[in-house]
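Following: one structure in structure tokens, then a few remarks.
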Amino acid sequence: VMVGNHTLTKFVLLGITDSQFDQVPLFGLFLLIYIFTLVGNIGIMVLVWAVPSLHTPMYFFLTHFSFTDICYSTVISPKMLVDLLSENKTISFAGCVMQFHGFAFFATAECHLLAVMAYDRYVAIRNPLLHMVVISRCICQQLVAASYVVAFLSAIVYTICTFGGSFCGPNQIDHFFCDASPVLKLVCSDTHSSEIVISITVAINAVGTGMVILLSYICILHTVLRMNSAGSRSRAFNTCASHLMAISLFYGTIFFMYLQPASSHGSLDKVVSVFYTLVTPMLNPLIYSLRNKEVKDALVKSRRKVLSH
């Protein structure tokens, strides 16, 4: 239920570029990225589900992480791909609200899942023998459920703040999806308090989860440096390095986008948005799993099974 009076029934998404020449190559590129995102993330979910040796907390969290990647990529990509090839780039007011809410929900869930995964890594490296006791099946489910609940409530706050004002003027959103800052630029009423609430909620979510990740990794580094064997150290460093790469990519772009005032948003926003809405969900399966020995082994076993039938 939206507050405020809006006479607008639809918006026009101006998209990534207004150059006709660039739209077809971009369509091809983004379609490939989206297909890779779906194949990579669905592949991980199926593999974890099918291979008993991957039924551990880390991979349980990873399947949910892949699920959120698929969802938040799907909230944005199909519409954007259609818009790249069509003249009519409109989206209804309700459609815009739904798209933004879905995006905010899955992106926030991803922050919390990254924090849960970092904590899980810390427990696994610090106390390998107690790992399955501390993070039991029940605890796994509670942590994931809590991530989704917090994300859903936060997304409601973002959505009310973004669409709660009066829309009475222009209806062109200078972006390729309904995001907070380009939508807020179209609000006729004062958006100052909405922007403050959005920034505070982003800060609580992103900074809160960021701190959990940072502390987990500081403790992991401390534990790894005290390990005796060089092999164990390099294995632990490898896992941590790939996770940290994904995390810095995701958080760097999120902080850049949502912790700056609306007035300072410019043309760079679209490039940064392409990164966290399209590129990161595609890279995550590669970063999180293909560098893992367990996943490689599971893939080899599955392939043998399929070929032997």
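Heads up, the Cβ atoms here are built off N, Cα and C, so glycines get one too.
Per TrEMBL, these features apply:
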| type | residues | note |
| --- | --- | --- |
| TRANSMEM | 26-51 | transmembrane segment |
| DOMAIN | 40-288 | domain 'G-protein coupled receptors family 1 profile' |
| TRANSMEM | 97-119 | transmembrane segment |
| TRANSMEM | 139-160 | transmembrane segment |
| TRANSMEM | 196-224 | transmembrane segment |
| TRANSMEM | 236-259 | transmembrane segment |
| TRANSMEM | 271-290 | transmembrane segment |
Within-chain partners of the transmembrane segment (196-224) [C-beta distance under 8 Å, separation at least 6 from its ends]: 108, 111-112, 114-115, 118-119, 121-122, 125-126, 150, 154, 157-158, 161-162, 180, 232-233, 236-237, 240, 244, 247, 251, 254-255, 258-259
Beyond the flanks of the transmembrane segment (236-259) by at least 6 residues, Cβ under 8 Å: 107, 110-111, 114, 117-118, 121, 125, 179-181, 198-199, 202-203, 206, 210, 213, 217, 220-221, 223-224, 227, 269, 272-273, 275-276, 280, 283-284, 287-288, 291-292
Chain residues in Cβ proximity to the transmembrane segment (97-119) (below 8 Å; excluding those fewer than six residues from its ends, i.e. six or more beyond): 2, 58, 61-62, 64-65, 68-69, 71-72, 75-76, 79, 91, 143-144, 146-148, 150-152, 154-156, 158-159, 162-163, 177-180, 183, 205-206, 208-210, 212-213, 216-217, 243, 246-247, 250-251, 254, 276-277
Close approaches to the transmembrane segment (271-290) from elsewhere in its chain (Cβ under 8 angstroms; 6 or more beyond its ends): 16, 30, 33-34, 36-37, 40-41, 43-44, 62, 65-66, 69-70, 72-73, 76-77, 103, 107, 175-177, 179, 242-243, 245-246, 249-250, 253-254, 256-257, 296
Surrounding residues of the transmembrane segment (139-160) on its own chain - C-beta under 8 Å, 6+ positions past either end: 2-3, 57, 60-61, 64, 97, 100-102, 104-106, 108-109, 111-113, 116, 180, 197-198, 201, 205
Stretch-averaged pLDDT - the domain 'G-protein coupled receptors family 1 profile' (40-288): 88
